[in-house]
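What TrEMBL records for B:Arg48, B:Lys54 is NADP(+) binding site. Positions annotated as FMN binding site by TrEMBL: B:Arg125, B:Ser126, B:Ser127, B:Asn244, B:Ala245, B:Gly288, B:Lys303, B:Pro304, B:Val305, B:Ala306, B:Thr307, B:Arg329.
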4 protein chains.
Amino acid sequence: MAGNTFGQLFRITTFGESHGEAIGVIIDGCPAQLDIDLDYIQGELDKRKPGQSKITTQRKEADTVKILSGVFEGKTTGTPIAMIIPNEDQRSKDYSHNTDVFRPSHADYTYHSKYGIRDHRGGGRSSARETAARVAAGAVAKLMLKAKGIEVIAHVSSVGKIDAPNVDISNPQAFIEEREKNIVRCVDPATAEEMIEKIDNIRKQGDTIGGKVTCFITNCPVGLGEPVFDKLHADLGKAMLSINAVHGFEYGSGFEGSEMQGSDHNDLFVNTGDQIRTLTNYSGGIQGGISNGMPINFKVAFKPVATIMTNQQTVDANGDAAEIQGKGRHDPCVVPRAVPIVEAMAALVIADHYLRNQTAIL
Amino acid sequence: MAGNTFGQLFRITTFGESHGEAIGVIIDGCPAQLDIDLDYIQGELDKRKPGQSKITTQRKEADTVKILSGVFEGKTTGTPIAMIIPNEDQRSKDYSHNTDVFRPSHADYTYHSKYGIRDHRGGGRSSARETAARVAAGAVAKLMLKAKGIEVIAHVSSVGKIDAPNVDISNPQAFIEEREKNIVRCVDPATAEEMIEKIDNIRKQGDTIGGKVTCFITNCPVGLGEPVFDKLHADLGKAMLSINAVHGFEYGSGFEGSEMQGSDHNDLFVNTGDQIRTLTNYSGGIQGGISNGMPINFKVAFKPVATIMTNQQTVDANGDAAEIQGKGRHDPCVVPRAVPIVEAMAALVIADHYLRNQTAIL
Amino acid sequence: MAGNTFGQLFRITTFGESHGEAIGVIIDGCPAQLDIDLDYIQGELDKRKPGQSKITTQRKEADTVKILSGVFEGKTTGTPIAMIIPNEDQRSKDYSHNTDVFRPSHADYTYHSKYGIRDHRGGGRSSARETAARVAAGAVAKLMLKAKGIEVIAHVSSVGKIDAPNVDISNPQAFIEEREKNIVRCVDPATAEEMIEKIDNIRKQGDTIGGKVTCFITNCPVGLGEPVFDKLHADLGKAMLSINAVHGFEYGSGFEGSEMQGSDHNDLFVNTGDQIRTLTNYSGGIQGGISNGMPINFKVAFKPVATIMTNQQTVDANGDAAEIQGKGRHDPCVVPRAVPIVEAMAALVIADHYLRNQTAIL
Amino acid sequence: MAGNTFGQLFRITTFGESHGEAIGVIIDGCPAQLDIDLDYIQGELDKRKPGQSKITTQRKEADTVKILSGVFEGKTTGTPIAMIIPNEDQRSKDYSHNTDVFRPSHADYTYHSKYGIRDHRGGGRSSARETAARVAAGAVAKLMLKAKGIEVIAHVSSVGKIDAPNVDISNPQAFIEEREKNIVRCVDPATAEEMIEKIDNIRKQGDTIGGKVTCFITNCPVGLGEPVFDKLHADLGKAMLSINAVHGFEYGSGFEGSEMQGSDHNDLFVNTGDQIRTLTNYSGGIQGGISNGMPINFKVAFKPVATIMTNQQTVDANGDAAEIQGKGRHDPCVVPRAVPIVEAMAALVIADHYLRNQTAIL
């Protein structure tokens, strides 16, 4: 039983391998009458696409998205929205040396063991190329949320041990503009510079490094999220953990919160006249699994990319010892290109729960 | 659209409020011919039940489980297994003062806002009492996994800033026995003593403290987990984040892995003759979302319990400022009783993916 | 993968065997703030319960339903509604002779083959006793629909070859009252008398007979039903075909429509000032899978009950030839008690699609 | 909440409008290592495609299918199989006159009412063109079933009031060959001739006529189908009722069975040495919702096509009276082209339940 579908009411199904003809996505459940801005969708894809700077992979993909259905005269019709992104710069021969050898900390061995067959060209279905389809679908979800005033914004908060300070999220548009001024996508310019230098050094060593992305959802209405299993943060967590290379997720006070005492951690309610809000936000905008109107925030930890340019010991499909050296064109650090993916998956979760909440009360 | 169902093939649906007549669970999809050991199920519930030691809530519940269907002459029949646990020591009057006042960092405000109505007695559906139903269902999942040689074992690895050292998981039975020798459920005896003292002090202050639970799955076959969204660790993450008070999840190298370089982080394959394994296990037993035969490990962060015995400022259902003082009987630290819940949810995920994997190859 | 759950947003999961301790149902997704009238729910169950007249089985079951969760101070809270119905008059020994012998046209052989184990007492899970749980859940769905002015009404339109004439559905309340005046539940009194005599004769012969139930949904809003697979009539059809003994389903013009020409069959639109409606209703109130505001109508065919009081040749679990004679207490004709089941399942489908339609437009 | 996905473990999602750029389907859950014969898939599409004879619509579509993913070196890999079929002969201007006028007995009015927007070109998503995607997916399901020896075969059993006699299904290959010898796809040659003449006359009148398709599944193993809601015939029924123009479904004894007595209707078991089978097959190969090893048979009733070449009264989007005359290129009778669709949907249901049954026993 495969698992290529995500969401309940705003539901996406992705398809496609790294080196096949195309990848794509079907969105089922997007409400009718939403204005579709194709340039916006393409713009989101451009933030994820390879070859955009010296600190990303040099694979060249235009990643041009095409809508095949579900949109009529610029508006959604309530029917499935199919989007397709052709693969162009496939260079499968880069991977011919990997046919029978399992790359360390990749999915080669597990796919081979599970299915007895695998498309060995560049990771096939396990490649992060699949996330382009998520970004396209997430852009539609973002358009839906924007129509309701909800914004989903993320940036690179850590590269290795370099951490960004807290950043201002009061103006989502300014946040995005500031972030896009540098190639590492960290809102704080000084930290960004440090991060870029670090990644560039790592790249020159043929090595890779991990990092973290922090995401915020602002102006989210009270009431999104369902008891018991489909808590809003549980679905956000699953969404993030389904992204390639993610090893950790925390929201609100997160892991640090587990070291605190209740008397410090509790978020006291106040009525500001305009709205009921909390003095602190250790809850991360979610209480009992349901949004409480405060900004939602969470952090996602990415491991270092597994493909490195040095020799490594491994085994082949016969179980014999083998040696492998990274080839192909890979990212020294995944987080700059992960920012739009994190935003896309978050937007999909929020859009889904927005729709689910429509039926809470008779 | 409510979310009280978890799992695809091994699927549970829970019901019940904290102070209603009963809570319970239906398991749909458990294979036929599994031997059901009711004593084992009850034993798991006993580890979660309140009132078991000085560092847990003093609410008294026998938590006696009764099987209503799906088991015939000691074996599962393939039909739904319904289990029910009556509520006994309900003392709803303890909560009469909460009718209109929102307890800080609880789900009162969000449930009230979402539904316009709530069962205000002790949290109703948002109470952690619901997790007893999960433990009962998880015990059935564990029985199924044990029949296949798979063990799910967890312990308290942190209370506040007190961290346990790495522990030996080579003998799951010994792990459990050692853990059950102390009331905090930490396998390391010296750390356990320190933790118990800490919690007892916190309790005396009328305060609460957070902690962490670490879980291991041993002898898991290669191949469990599905691409793309239903990666094994994504489903484990969602399962953990759906548990009350959980604010973070990491597996394998986790958040620390995001600070590492690929050359250190990659797990090199070797063939030991018996099996293909990795020299290190930063992957946490999962690669590309699919189990690789190494022990699976993950860590879960719990925030401090929100109910504290001091006065706190808040607002009421009219939006007016109010003051609240914790009453009722609550845990000073949730992790000792969370251990069986973490194990139960992990077992449910593994059982589900075990079944899902049956159809990977024609 | 078991299939004991029905519905997407208004979702039920049933459990329980014929001769176990209890049967029951969980409703997940019922909106909050619905008034729950327990007497109404019990009244629906009373129409299905055994022993109500000379033409039904003489098994005695009070079928008293108890709500365990999800309702607080008479209103739904948005959390799962669990309902339980104890089994009382179980007489398992009536079935001891069936342990190893497969009853013709029952599910004994198929359950035995599929699971290798079965609860042989009275059909276990395959017994129509399970439908009591559906009737309880359907009663809640009906309460929800009534709050929106939608009525679901059915009656016995055929017993064997005795067919009722078309009946008046303009006043749903009068329809129900007229129907409940006779024990066969046919709205036409003269036909009812004939049907009752037929069934009574069949009963005296120790034989059984089939029949049909016709159902109407009045005042259904335009727009319920989803393209493509979840067409409203496709979900109604599945719902009906999931009821024990059902062998056929048709809506609108049905099988007769397949003999007609388009020029006769097309339903022409007119605007009556109040609403757009059609001059004829061969479409059965559904076009393109979506309700069009006209009364929905469909017909359900039930085969004769398989348990008869004569000797029949069969085989046993060893594959050896055997002989079986019907014992136990069974219905000579299932349709009088099937009427509330048909209504319940129809109401569940409509309630589900009512909620699903809430998200059609942004 | 849209409904463009069908199946649980062998799951398809279709997309595309009649006059958009392309239609297509994603199959998720097809097991790995299945040999994919693209010519076979194309051959199935050719049986459904328009313009194949004088008694079908003259719209010209090559309906050339292209596989975008999920197949590597001729075998499935366990990842999603995406297939796309471009629309070629779209002639949208044929439909420009329909922009604001609701065609009688079409889905124009209901889509317009539900979504407030619709792709009015040729029915958009409600067009039977969508079924080409189902046929492509069904062909993959058939390949999977053939690998297990299971055959799904259907033919036209009625056109209007012309009924075919019972036909021989003992040799599925011969059945198909005989059927494909005539353009109406009825296995009985004499009846076929009569049917063709009837349809041709109807066509000349600018009218349309309904019909029936009968389907058989041979060599189906015992045990497919799930209690309670997901009975095998309930899922077959939903599958058939989801096909455009279907108004009725019956299996085994069907509607006639509802007129019979139990003593005639019961299927007595015998052991033939090779297998346990029944002397008669009123159960249609399914008992208690689970296949019993006998041939499965069911019948599907199609209403006459709604587009006729005569003037009809209707209303427009403003609710004003209007007149409409059928234009475009339409089928005078849908059943010859419906045969591969019925087979496809049946194969999808059987493939799904084949996989589901893999987890019945531990």
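Sequential numbering from 1, following the chain as shown.
The backbone N, Cα and C atoms fix where each Cβ goes, glycine too.
Given the structure is predicted, the values throughout are model-derived calculations rather than measurements.
B:Lys303 (FMN binding site) sits 20 Å from B:Lys54 (NADP(+) binding site), taking the Cα positions as reference. Counting neighbouring Cβ atoms within 10 Å of each of the binding-site residues (B:Ala245, B:Val305), the lowest count belongs to B:Ala245. Taking the Cα atom of each, B:Lys54 (NADP(+) binding site) and B:Arg125 (FMN binding site) are about 26 angstrom apart. Cα of B:Arg125 (FMN binding site) to Cα of B:Arg48 (NADP(+) binding site): a distance of 18 Å.
The secondary structure of B:Lys54 (NADP(+) binding site), as reduced to three states from DSSP, is coil rather than helix or strand.
The two recorded residues B:Arg48 (NADP(+) binding site) and B:Thr307 (FMN binding site) have their Cα atoms spaced 19 Å from each other.
Shown are the binding-site residues B:Lys54, B:Arg125; of these, the residue with the fewest other Cβ atoms within 10 Å is B:Lys54. In sequence order, B:Glu17, B:Ser18, B:Asn244 are the residues of the chain that are 6 or more apart from B:Ser127 (FMN binding site) and have a CB within less than 8 Å of its CB.
Of all residue pairs in B:Arg125, B:Ser126, B:Ser127, B:Asn244, B:Ala245, B:Gly288, B:Lys303, B:Pro304, B:Val305, B:Ala306, B:Thr307, B:Arg329, the annotated binders of FMN, the farthest apart have Cα atoms separated by 44 Å. Ranked by Cβ neighbours within 10 A across all protein chains shown, the binding-site residues B:Arg48, B:Lys303 are led by B:Lys303.
Here the binding-site residues are B:Arg48, B:Lys54, B:Arg125, B:Lys303, B:Val305, and the ones sitting under 8 angstroms from chain C, going by CB atoms, are B:Arg125.
A 10 Å cutoff on Cβ-Cβ distances gives B:Thr307 (FMN binding site) a total of 24 other Cβ atoms nearby, all chains included. In the three-state DSSP scheme, B:Thr307 (FMN binding site) is classed as coil.
In the three-state DSSP scheme, B:Arg125 (FMN binding site) is classed as helix.
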